[in-house]
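Peer 1: Quick paste from TrEMBL:
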TRANSMEM  39-68  transmembrane segment
DOMAIN    43-476  domain 'Major facilitator superfamily (MFS) profile'
TRANSMEM  80-102  transmembrane segment
TRANSMEM  114-131  transmembrane segment
TRANSMEM  137-158  transmembrane segment
TRANSMEM  170-192  transmembrane segment
TRANSMEM  198-220  transmembrane segment
TRANSMEM  321-344  transmembrane segment
TRANSMEM  356-375  transmembrane segment
TRANSMEM  381-399  transmembrane segment
TRANSMEM  450-472  transmembrane segment
Amino acid sequence: MVNPSGPTNTVAATEATPGSSGYLELYPERKVSLLKNPYILGVTAAAGIGGLLFGYDTGVISGALLYIKDDFEVVNRSSFLQETIVSMALVGAIIGAATGGWINDVFGRKKATLSADVVFTVGSIVLAAAPDPYVLIFGRLLVGLGVGIASVTAPVYIAESSPAEIRGSLVSTNVLMITGGQFLSYLINLAFTEVPGTWRWMLGVAALPSIIQFFVMICLPESPRWLFLKNRKDEAVTVLTKIYDYERLEDEVDYLTALSEQDRQKRKNIKYADVFRSKEIRIAFFVGGGLQAFQQFTGISIAMYYSPTIIQLAGFSSNQLALLISLIVAGMNAAGTILGIYLIDHAGRRKLALTSLSGSVVALAVLSAGCYLAASDSTNTLYGWIAVIGLALYILFFAPGMGPVPWTVNSEIYPEEFRGVCGGMSATVNWICSVIMSESFLSISDAVGLGGSFVILGAIAVVAFFFVLFFVPETKGLTFEEVSLIWKRRAWCEYGGGDIYISPTSYITLRKGVLYPYI
């Protein structure tokens with residue numbers, strides 16, 4: 001609804017919205033520092049173990065597959081079986097992510113995390129004991145279920161427990177845990193290369209962090225936002241006292257109390273189909289799901305699942321050397337994510353994604369050229385090193401931007417009543433696209449060559465750049481409610497201006513795409 005007469009009061013709405021830029025300008029002493037609150041860091045680290053499991057599962061199979069092929073001749077002879085062993089975890093993750101949003105909304109973020117840990121632990125044990133490739137595939141399915149639920153839950157749990165001013169950095173810490181898990185997986189792969197039952201140790205040891213997270217999460221509280229939604233205000237206030245000082249605590253409690261009843265009424269009737277019936281949510285999901293799709297279609301799963309295989313195809317035949325180079329690449333991925341944690345709340349989500357995609361296009365061109373040259377002359381190791389340099393450059397550009405940005409944006413762009421549903425749906429998009437990439441990569445490389453496959457990824461990265469440029473808004477420093485106003489503007493207002501009706505006394509004025517809030 002548009003108000004033709006315009007707002008009658010010029011008091012900024014952000015002054016009344018705890019955590020917003022206007023609020024923190026008025027009360028700079030109430031700003032929460034990233035490194036000065038042990039509780040927030042503890043919650044982030046505990047929830048981030050889900051990201052560690054995500055990353056470990058992504059990375060470990062790339063090395064384990066080299067030895068699985070040695071133990072099972074049928075796998076060695078079949079590219080399809082190799083792709084299935086890799087991608088079956090992604091099929092499980094699709095199911096886990098699709099149901100994870102519902103589990104989060106009904107049972108809470110804490111119980112969703114605990115359930116993911118149980119399923120992941122059972123899957124890891126099945127993998128370690130698998131007598132044949134088909135039981136191995138079933139174990140990968142179970143592990144994927146756990147990873148899928150965790151991939152939905154961890155970003156939402158962290159975001160809802162975080163002050164708005166450091167939310168991007170904290171959610172990005174979950175992505176750091178993903179890249180750290182990938183790095184750890186290559187270390188484990190190298191450590192067990194000479195141990196009997198090599199791949200069984202590689203896959204089975206993943207049960208340890210999931211067991212640790214299970215017992216740590218038992219001691220942690222629920223997300224305060226979810227507690228407010230379930231009318232458990234006293235518990236929510238107890239959690240908030242660990243995050244904010246007294247002055248800001250009062251503002252946060254009053255603000256969340258005012259929102260909670262409205263959110264409860266809205267959420268009672270929320271269905272998956274409502275995402276597409278609401279113009280505002282449809283636009284938000286288009287942006288969130290699109291970012292998740294492009295994260296995968298620009299090749300990160302290929303780089304992490306198949307990096308040892310890519311290195312061998314580029315001319316380095318030794319398993320140990322391939323794993324060592326992959327370890328270095330994974331370390332660069334983790335280092336790049338640390339840079340992203342700093343930049344995401346300073347440079348902003350949009351600028352970071354655009355820079356990341358620009359560099360990825362150049363890196364994929366170098367990687368493609370190296371693969372073409374290596375295929376033309378396999379005796380020249382220089383060509384293989386050009387491919388490795390291209391792979392390293394790709395990770396360096398991708399990790400700070402398109403690694404954390406899709407997960408961070410998806411944790412903050414949906415209204416409370418849609419956050420679990422849309423978070424699960426967007427994570428499902430990510431996993432579906434990851435399955436498509438991992439299940440088709442070897443086959444496409446057989447058809448067009450390794451260099452040709454990276455040309456295709458480079459072209460997709462160009463499309464992704466323009467998607468971000470035209471559709472993704474900047475959400476740095478905005479509260480959840482302020483972000484929701486962006487979608488109201490896009491859905492109901494002319495770009496040149498207009499007032500969005502929020503309540504009988506509250507409007508958001510828009511002039512040339514800029515938000516001007518009033519109460």
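Including glycine, each Cβ sits where the backbone N, Cα and C put it.
Just so it is clear, the model here is predicted, and its values are computed rather than measured.
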Peer 1: Give me the stretch from 198-220, 321-344, 356-375, 381-399, 450-472 with the greatest number of Cβ pairs under 8 Å to the transmembrane segment (39-68).
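Peer 2: Answer is 198-220, with the largest number of Cβ pairs below 8 Å.
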Peer 1: What mean pLDDT does the predicted model reach across the domain 'Major facilitator superfamily (MFS) profile' (43-476)?
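Peer 2: Mean per-residue confidence for the domain 'Major facilitator superfamily (MFS) profile' (43-476): 85 out of 100.
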Peer 1: Can you tell me which parts of the same chain pack against the transmembrane segment (170-192), counting only residues 6+ beyond its ends and a CB-CB cutoff under 8 A?
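Peer 2: Answer is 34, 40, 44-45, 47-60, 62-64, 154-155, 158-159, 162, 198-199, 201-202, 205, 304, 320, 323-324, 326-327, 330-331, 333-334, 336-338, 340-341, 344, 399, 403-404, 407-408, 411-412.
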